[in-house]
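For reference, the structure is listed below as structure tokens.
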Amino acid sequence: TVMAAPMTNDQSCFFAQALGVSFLKCLLINAYHSTDFEVHRNWLALTHSLPVPQWYYEAMSEWTLDYPPLFAWFEYGLSHIAWFFDKEMLVVQNLNYASPATILFQRLSVIVADVVFFYAVKECCKCLREDKGKDLLGKPSFILTVLLLWNFGLLIVDHIHFQYNGFLFGVLLLSIARHFQNRHFEGALLFSVLFNLKHIYLYIAPAYGIYLLRCFCFTQSNAEVSGFSVVRLVTLGTIVLSTFAVSFGPFIGQLPQVLSRLFPFKRGLCHAYWAPNIWALYNIADKAFSILGVKFKLLDINKLPKASMTGGLVQEFQHSVLPSVSPLATLVCTLLSILPALFRIWHRPNGARGFLCCLVICALGSFMFGWHVHEKAILMAILPLSLLAVESREEARIFLILSITGHYSLFPLLFTTQELPIKIFLMLLFTIFSLISLKTLFRKGGALLNPLEATYLLGLIPLELICEFVYPLTVWQKTFPFLPLMLTSVYCALGVTYAFIRLYISLLTCSDSTKKIKTQ
């Protein structure tokens, strides 16, 4: 008989963390949930109750199906389990239905789907080259496990606010791990599946395309035609096209309708709460210019556009002084922001590490300049950057700035009083661990953050005190209710922009040698 190998200390530690974080998620089952809870309940109902051709036409609820078909099939699969919890949640007409059994099922579905994320984190840890005999805080794999499994953003967005990001990021991280393990066909398949689950990952598709073409289809280090593998290119193309065929095949006759749902350009430049990006700074600059213009009688107040940028509504609006921004303009700005990174990994490829750095830049560039960006999209940069943070001192520094700023920018998602201590406690816990562990890992080079960076991050404390405790007591609360959101967005936009610039400098100046992340 063959005995099962005993678990190592590292494996025991990993499973203990996975169980611990799952227990915490269970404690949050009855916490506040956002309208996204009803969005996914409605999708369960319509995929279960309606014929497939009607899925992307159904509009009884305002929360219409606007994810790609593979995610619709995922909801369809979940709906058959939901039937055993409460059949009423699967009735399309039952808008805003949230029975205790419905809440329990939907919360548990997110927690169970996170198994994919756990497996992906385990695979990512295998891609790290360990230094034997170090204590826990000196082990990159332990630090990475905590940074990913206990990620503050994922915990509040998925398990309080309500979404399935952990499952989706699990597919992304597993795809990244496969490229580090030189299993490129698997990596390409996983990304293709991911894109057909949620199309926001289009943001990072350029990094995948250039990396696979340059480092996999070209079999020699110099990109000469003689070293190009047509077989590899055709195989990759077949993988991608097959995935899209399976996903979109049943909807081939209604592609325009499906695409109009996936890309709703009639929405405004910014989401209800401005994501902390360039457009938040652009909006506030326009607002400042218009106020100064009226004050110095350079502008006629009656001729300024009436649509308010600070009313918190998802709408199209005209800027008062600066040129209004079109979807095409944001596309051009996004492409210009990522082109240098793509050129870098084409001309000076640095293997999977260069690909990962380029992926983070593509995610951040799209976040910075994209159209109608959600604040939650910052996680697409923070989570992959965690892998680089345990590998390089400079990336650790960028990670601290981006994660603290980006995570704090998610605070307005949880605006209820009972969730206030939860978000502050979890944020502090994650931030303190990040600071201590990364400082311990890179203890030889002195402080990770310079005084200016540390001062900026500490500025988040008075900002939180003002927004949560002081401002609601002032007379301005009724006149300018959006001001705390605007302050948060603009302050965080400065940190995200700074991290983006530092990451670019790191990519363009780093040597071609890999450090702790290994390719197998």
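Each residue, glycine too, has its Cβ placed from N, Cα and C.
Looking at 230-252, 276-298, the range annotated in TrEMBL as transmembrane segment turns out to be 230-252. Panel annotation: around the transmembrane segment (422-442), residues 28, 31, 137-138, 140, 143, 146-147, 150-152, 155-156, 160, 389-390, 393, 396, 399-400, 403-404, 407-408, 411, 414, 448, 464 of the same chain, lying at least six beyond its termini, place a Cβ under 8 Å from a Cβ of the stretch.
For the transmembrane segment (141-157), same-chain residues at least 6 beyond its ends with a Cβ under 8 Å from one of its own Cβ atoms are 10, 13-14, 17-18, 21, 24-25, 28, 117-118, 121, 124-125, 128, 130, 163, 165-166, 169, 173, 376, 378-379, 382-383, 386-387, 389-390, 403, 406-407, 410, 413-414, 423, 426-427, 429-431, 433-434, 437-438, 441. The highest tally of CB pairs under 8 A with the transmembrane segment (200-218), across 12-33, 230-252, 321-342, 354-371, 482-505, is held by 354-371.
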